[in-house]
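*Asks:* Would you mind keeping the following structure in view while I ask a few things?
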Protein chains: 2
Amino acid sequence: MTRAVEGGHRSVNMGPPRSFGTVLKLKLKETLFPDDPFRQIRKEPLGRRSIQTLQYFVPMLEWLPNYSFNLFMYDLLAGITIASLAIPQGISYANLASLPPIIGLYSSFVPPLIYAIFGSSKHLAVGTVAACSLLIGETIGEKASATTQTELYVSLVFTTCFISGLLQSALGLLRLGVLVDFMSHSTITGFMGGTALLIILQQMKGMLGMKHFTHKTGVVNVIQAIFKYKNEWNWKCALIGVVFLVFLQLTRFVKKKNPKLFYISAMGPMVVVVAGCLLAYFGNATKLGISTVGPLKKGINALSVNRLNFDPAYISAPLKAGIITGVIALVEGIAIGRSFALASNTNVDGNKEMVAYGFMNIIGSMTSCYLTTGPFSKTAVNVMAGCRSQMANVVQSVCMLLVLLFLAPLFSYTPQVALSAIIISAMLGLIKYKKAYHLYKTDKFDFLICMSAFFGVSFISMDMGLLISVGLALVRALLYMARPATCKLGNIPESNLYRDVEQYPGATGIPGFLIVQIGSPIYFASAPYVTERVMRWVREEQELANDNDLEYVLLEMGGVTAIDSTGMEALIELRRNLQNKGMKMILVNPRIDVMEKLIVAKFIEKIGEDAVFLSAEDAIEACRFTLRNSKQGTVEV
Amino acid sequence: MTRAVEGGHRSVNMGPPRSFGTVLKLKLKETLFPDDPFRQIRKEPLGRRSIQTLQYFVPMLEWLPNYSFNLFMYDLLAGITIASLAIPQGISYANLASLPPIIGLYSSFVPPLIYAIFGSSKHLAVGTVAACSLLIGETIGEKASATTQTELYVSLVFTTCFISGLLQSALGLLRLGVLVDFMSHSTITGFMGGTALLIILQQMKGMLGMKHFTHKTGVVNVIQAIFKYKNEWNWKCALIGVVFLVFLQLTRFVKKKNPKLFYISAMGPMVVVVAGCLLAYFGNATKLGISTVGPLKKGINALSVNRLNFDPAYISAPLKAGIITGVIALVEGIAIGRSFALASNTNVDGNKEMVAYGFMNIIGSMTSCYLTTGPFSKTAVNVMAGCRSQMANVVQSVCMLLVLLFLAPLFSYTPQVALSAIIISAMLGLIKYKKAYHLYKTDKFDFLICMSAFFGVSFISMDMGLLISVGLALVRALLYMARPATCKLGNIPESNLYRDVEQYPGATGIPGFLIVQIGSPIYFASAPYVTERVMRWVREEQELANDNDLEYVLLEMGGVTAIDSTGMEALIELRRNLQNKGMKMILVNPRIDVMEKLIVAKFIEKIGEDAVFLSAEDAIEACRFTLRNSKQGTVEV
């Protein structure tokens, strides 16, 4: 491909196309390995290469040898901080999932250890998440009752975790991280907000000390249930709950005003738990009518491999919950890991992280844990507490081990109302109304996508809300693909630049020429539209031009980065149509992929190499030259 | 928006964004009315406007007043020609759909009349299609047997036609023609080829004069059935069939060699039918063991409104068949109408055509007809026979009326083997191996899409084949969206042009600058990738540059025709990341939609208006000026 530039002559590259193998390799690389993880490794000699490859797959082998006591001091503090958050969160979210609370503590013991071995993010703190806990509780609750069929219920939840882990590992190993990118931020904002609203409403049971409630989620159902059992409202309970909630919100406010005091907010939930336990113990909870969490026995996670339940009668629920929560957990974890990594100028391989999450959940499901990921709140606390590496997760694990071995029974006095207050406080922060308003101002379709997730989750169901929102986002993208942007270009005066006349009304047209810029790849979905739209530009131009005959139609193809066979047929049809009207089609700045296809399809032969130019200016100059000569009688080809 | 160009100063348009209403109206217009059908009407005074609007909705009112006897002569010839094709095709395809053959004749009487009233294409000839007939036969055949439950079967087929018509009208009225664009040409080629293969294999029953066969489609099943009933092979039948087939292929060959003799090929099927009838009548068909089509009674279409069957027990089959065949019929008809229109330099409103097809099928379903559209073969014959307007369809209708009133019983002697020969001859032309080979050479993904349709239809089922193929095409488009093309730009020597360095290896980089061109909209699916990819370009550039520090990263945004909120967050993150590395982000040539969003999101405020330029050249010049001044000690903001 060396004919491109010869001296002062700027011509379009007509060289032979790259081989299919080259192109395929390039495209596969961009799709599957966009961050080129093996770049460093490739340069090293063979011996080091094997070590580095092993380090690639087991990141702990990379950072551990370089670990120092100094770093450990930071990680120790961060680890203890997140462990203090893990205890109340673990018990609360296990409650959300209708699981025995001890499982919430188990889930902050084993998974962080696994992540520390296989995970790459130095900032991520592993733990359970509210949204997924609720979804699991709701989905498995359709097949088995958490209260009357506890053993079946718990085994199905472990199975769900196993399936999530399997899915995550598979996606990561097959380098299908690109699928996770299809979850728009607007969808996530709306989904999280809707889920937060549902959870807050459900906590009314705990806050008001009610005995009966509804199993359904959905705003309408829950509000109905709250008022149906009005007689069960316990004022003492509500008062305690409000006090706890106000306290927690105050700690958050303090942190917002002075970020350095973040630990006050981080310690808040633990304080509430301890205060609640003391209140329940000394204040005689049952007399007050306040229910507590229930027994938490000492001892570490039991193996639960035998409890995994693949019985076809029930398997549909774990499958559905496993797939949806697996993807949601990935999306949240990857997004958070990425943004902290970018902020600290490091890089995180999304696909590798997915494998780490997968292992975390597979092994977790075999050790009495349920779904974990890297929740934003915990990770943010981890970062602010000064974590330096994955060791913070190890510290968290060890703290949790100590709790499980010695302190667990103490927490059995935790009142439900305390947990409800903690959950409500956490969820209030997830309803991002400011962000939704910002979306409304900047991009109304995205606002629609966000709201569809929010209302879908709140009023229909969590999976329907997610489906509708993702569907809308895809529809937007597909519609854009089917209706690519085209615009007419005009000359910016006193320059050789050609820009969109709608954006730059001062840009002038050239008599006899119409320059249309096509802004996207011409694929099957947009091919018929492109042809018709260009012809419409031609018709409109002819109406404007009156006497001036249109001789040349220039297609600026800088934005057409790809074309398929249907698109090629459209170009051929367009050229034929223009010829019928007595106009010549000129291509300007075709891209490499498109040029290769046009050459192979012999389109360049038909149109002539003299009809393809590097820039609009070159094209117009050359065509004017031809026009002038033909008018003077000499025929220039 | 008038600050754009001031004298010699070329600055990017920072004017206030267009109102939401303006943008929405523009986008809706592009999506729903891409061909701007009311453009002409809008200019006229009120009185004419109402007439023109009526003419828009009922095209017959537009062309009929201007009709002349001269035109009628052409249309008469064309109409008779296509009627002669309609009789054998009608009987054969009704056979494919396991329907009483008279229904095939009915379907060439009423639908063409309806099309002539509401249709816009001057070239389209209305009739039944083989692929849809087979699909209907197969799908309805699962619910009701055509031989033992004929009344139920036929009523379900009419219901299918009604549902197709309803769907088509709805899509057309809602201007959802864009959906039809999502059927790639490769998919259609593969689908038609696969269906043709299935039909050819099924005709072995008729060709070999067998009594028993399989109801299943699918290459394996059919071949097994052929050999299972070996003992039923009738050599006399096969011989007659081969003679007919060779004759028909000869007529096609003659037409290919000399297109002026097209009528020989057009008359072929009619000749075969007549010859077959004579042979059966005089040769005593039953003695030869040749089965005939069966009784065709005189008389025109009976009303069949009462036969529409929406019984929930059976409705799933008509729904499924109705939707799939409705869409396929649309895709074929619209594609054909469009390409003949473009070739003759007129325009066809896809959405309006869809409404015409819809009415055709709704009214057809109420008058004992089944699914019709504008098949390619018939339309091609219509055009070559010199049709001038929709009147050709009216002539076809009238001819069919005469046949129904007087001649129908004569055709009951048509041997099945003659119909099989006609069908095989027609189907052989649909297996476009040359086109598939061309696809293989030009675009291997499209080849894969085509082959998946072909093999899916042949070996699995028609709807699965279609689904897989459309799915693959969508995956390709979505993948492209998630991995947009980016490239590094370099300066073409002795010019101010900046082009892809991979396409133009002679293009040189500028020390201290990295110019990355982003080739597509930055949507949620591609946002994380764009950020990571640009950072990778930066890393690779830093490795190449050695001593030279990278100061500026220019993002050429000419190809970024749209951005959503996730994309905007990606830009913000990218800028922050570059800042952390000590580099400044410069935007070059942002498009109108993107610029408006960036202004509203206050991104331009953050980055500074002096960081946005109209072209790469301007940007580099300005930055160099800044660099030089800052080096000299004066600080230029």
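Cβ atoms here come from the backbone N, Cα and C positions, even for glycine.
According to TrEMBL, the protein carries these features:
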DOMAIN    B:503-623  domain 'STAS'
TRANSMEM  B:67-87  transmembrane segment
TRANSMEM  B:99-118  transmembrane segment
TRANSMEM  B:153-176  transmembrane segment
TRANSMEM  B:182-201  transmembrane segment
TRANSMEM  B:233-250  transmembrane segment
TRANSMEM  B:262-282  transmembrane segment
TRANSMEM  B:321-342  transmembrane segment
TRANSMEM  B:354-373  transmembrane segment
TRANSMEM  B:394-411  transmembrane segment
TRANSMEM  B:417-433  transmembrane segment
TRANSMEM  B:445-474  transmembrane segment
TRANSMEM  B:510-530  transmembrane segment
*Asks:* May I ask you to check whether the transmembrane segment (B:67-87) and the transmembrane segment (B:262-282) make contact, with contact taken as at least three Cβ pairs under 8 Å and only pairs 6 or more apart in sequence counted?
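*Replies:* Answer yes: the transmembrane segment (B:67-87) meets the transmembrane segment (B:262-282) with 3 or more Cβ pairs below 8 Å.
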*Asks:* Under the DSSP assignment, what numbers of helix, strand and coil residues are found in the domain 'STAS' (B:503-623)?
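*Replies:* The domain 'STAS' (B:503-623) comes out at 60 helix, 21 strand, 40 coil.
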*Asks:* Per-residue pLDDT averaged over the domain 'STAS' (B:503-623) comes to what?
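*Replies:* In the predicted model, the domain 'STAS' (B:503-623) has a mean pLDDT of 87.
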*Asks:* Please give the sequence-distant neighbours of the transmembrane segment (B:182-201): residues at least 6 beyond its ends with Cβ less than 8 Å from one of its Cβ atoms.
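*Replies:* Cβ under 8 Å, 6 or more out: 96, 130-131, 134-135, 217-219, 222-223, 226, 327-328, 331-332, 335, 423-424, 427-428, 430-432, 435-436, 439, 446-447, 449-458, 462, 465-466, 469-470, 473-474.
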*Asks:* With the transmembrane segment (B:445-474) as the reference, find which of B:233-250, B:262-282, B:321-342, B:354-373, B:417-433 contributes the most Cβ pairs under 8 Å.
*Replies:* B:321-342
